Amino acid sequence: MILPINTYSDEVLRRKAKPLKESDAQLEELISNMLESMRNAEGIGLAAPQVGVSLRLIVVDLSLAEGYEAASPMVVINPHILSVKSFNSMEEGCLSIPDVRGDVVRPSAIQLKYRDRNFEECIGEFDRLAARVIQHEIDHLDGTLFVDRMQRRDRRKIQKELDALSRGEINTNYPVAFHEDSVVK
């Protein structure tokens, strides 16, 4: 089922998400719905708060990105970054902030502890685009948006677009939820 994606001014995007304690049929359904919703919106990452569910869960599928066509979807539960290496700046966008892009400085490689779709504990090394997308989605779990990480002068350049999003002026090819009609669990 395709879920609506919560947008910029929605309070669920500003909350710290709760850790998951176990896997169950509801979690599996949420994961499947998130993957379907992300693909429908032509995204490469989606966090549970973006679909109105305040849990520490993200899905990533880089197969739509150039050079990553063979990538498999990844489910990340209760992520914790153990270490980072070097930093670089790259333009980012977000399904919750449609048609807005901006440069963000992030570590270019991370070591991550997390649980997978089967709730097995994993430690993985990620770099380049995978590291960036995972960090972007983890930010959602902590109530941070990519625009919060932009330099002040760059953020001022997109303020009109952010104000329009706050007023509900959104044009997307995927369903969205506004703060008046979102559901937080």
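In case you wondered, yes, glycine gets a Cβ from its N, Cα and C as well.
The annotation Fe cation binding site is assigned in Swiss-Prot to C94, H136, H140. According to DSSP, H140 (Fe cation binding site) sits within a helical segment. There are 26 other CB atoms within 10 A of the CB of H140 (Fe cation binding site), with all protein chains counted.
Counting only same-chain residues six or more apart in sequence, the Cβ atoms lying under 8 angstroms from the Cβ of E137 (active site) belong to G45, L46, A47, I58, V60, V76. Marked as active site by Swiss-Prot on the basis of sequence analysis: E137.
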Neighbours of C94, H136, H140 excl. site residues, C-beta within 8 Å of centre, Fe cation = G45, A47, Q50, E92, L95, S96, E137, D139, L145, F146
